[in-house]
Amino acid sequence: MPSPIRRIAINTGGGDAPGLNAVIRATVLAALERGWECVGIRDGYNGVLCPERYPNGGVLRLTAEHVRGIAHLGGTMLGTTNRGNPLSFPTAQPDGSVREVDRSDELLAWFAREGIDALVAVGGDGSLTIADALARKGLRVVGVPKTIDNDLDQTTTTFGFDTAVAFATECVDRLHSTAESHQRVMVVEVMGRYAGWIALHTGIAGGAHAILLPEIPYDLERVAEAITARERAGHSYSIVVVAEGAQAAGGARDVLAPAVAGHAERLGGAGEHVARELQARTGKDARAVVLGHLLRGGSPSAFDRLAALRFGAAAVRALDAGQSGVMVSLAYPNMEYVALAKVAGRMKGVPLDGDTVRTARDLGICLGD
Ligand code: F6P
């Protein structure tokens, strides 16, 4: 059995998602219940690795007072970053260039020096891959799966996804009336990176007529035919939901900015692209709406809030039981633990033979194939 815990740290990494503050609250309260202290590291690991950026401290002690009344708030009180991997930390060189340096030993030495026995790392694929590497180097770590994209393997769902889908669905609901009034095609681009979970769930819930997913390379002729068929049936408007990572069969993804050292490519433009092409093919007026970062904001839904609180408490229970190198997994209706190694670097796409895709097809929704 590892040595008893007296202090733990928590951090949040990657893109923010509704529910992060609820995880922080549950982690802190569950730690305090056990007589442990808890500290929060700002902006992933930057609070430790770049203390000069934080005049008020890159690490803060978290008491019950600090986490009072935050479970319903969007964002993260600790801040986050997707450019602070301690294993390849972007570091300015004397000649002005930036080189990626492995600073993980420095990080582990800091934990030892500060008497911090374990870390709760809250994040998506990138953050959990880092957590896995730190666990392998000897740090006691438990991961919590966060992302609006829902693309993490080994968990029924991540927190943040439900809130994103609820908001996107409300937006699609609102677009029906304006699309119908103007007899237009409205194309709604949603986030999700290389997975189509947000698009699929939003499209079905919001009554879209076509949904384009990264998992199904699309042919816009098929979508144009579906729009024209609706027209012939007397429905002179259509709603198309497009995942930012969707691409034409034999085509390429719409990329706003290519990957640069330590930072993934930025997707975007699929909505405009699809709207332009559908207008040309159907002769109907088409407009694109990009929901983008709106999906990451706002209060977590009750589902996400509860899941996040359960994730945080379960992470502390895992540490208390001597576990490390695991991620808390929602194995509905229970919380379980899976090895971080089984999650790291694996993306969970929408299964094409799953019930939800089949539901879309049964409802007559065009999936572009
Ligand atoms: O992973 C969450 C996510 O919101 C993706 O859906 C999106 O592609 C990406 O992050 C955008 O990240 P950034 O914060 O760099 O704009």
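Any Cβ shown, glycine's included, is placed from N, Cα and C.
Note that the structure is a prediction, hence the values are computed from the model and not measured.
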Per TrEMBL, member of Arg184, Arg281 binding substrate alongside Thr147, Ile148, Asp149, Met191, Gly192, Arg193, Glu244, Arg287, His293, Leu294, Leu295, Arg296: Arg184
Further ATP ligand in TrEMBL, beside Arg83, Gly84, Gly124, Asp125, Gly126, Ser127, within candidate set Gly15, Gly196, Gly203: Gly15
Conformational class of Ser127 (ATP binding site) under the three-state DSSP mapping: helix
Nearest of the binding-site residues (Gly15, Arg83, Gly84, Ser127) to Leu294 (substrate binding site) - Cα to Cα: Gly15
Listed binding-site residues adjacent to ligand 1, that is, members of Asp125, Met191, Leu294 whose C-beta is under 6 A away: Met191
Per-residue pLDDT averaged over the domain 'Phosphofructokinase' (7-319), given as an integer: 97
For the binding-site residues Arg83, Arg193, Arg287, Arg296, the one whose C-beta sees the most other C-beta atoms within 10 angstroms: Arg193
For Asp125 (ATP binding site): intrachain residues, at least 6 apart, with Cβ closer than 8 Å: Gly14, Thr147, Asp151, Leu152, Val343, Ala344, Gly345, Arg346, Met347
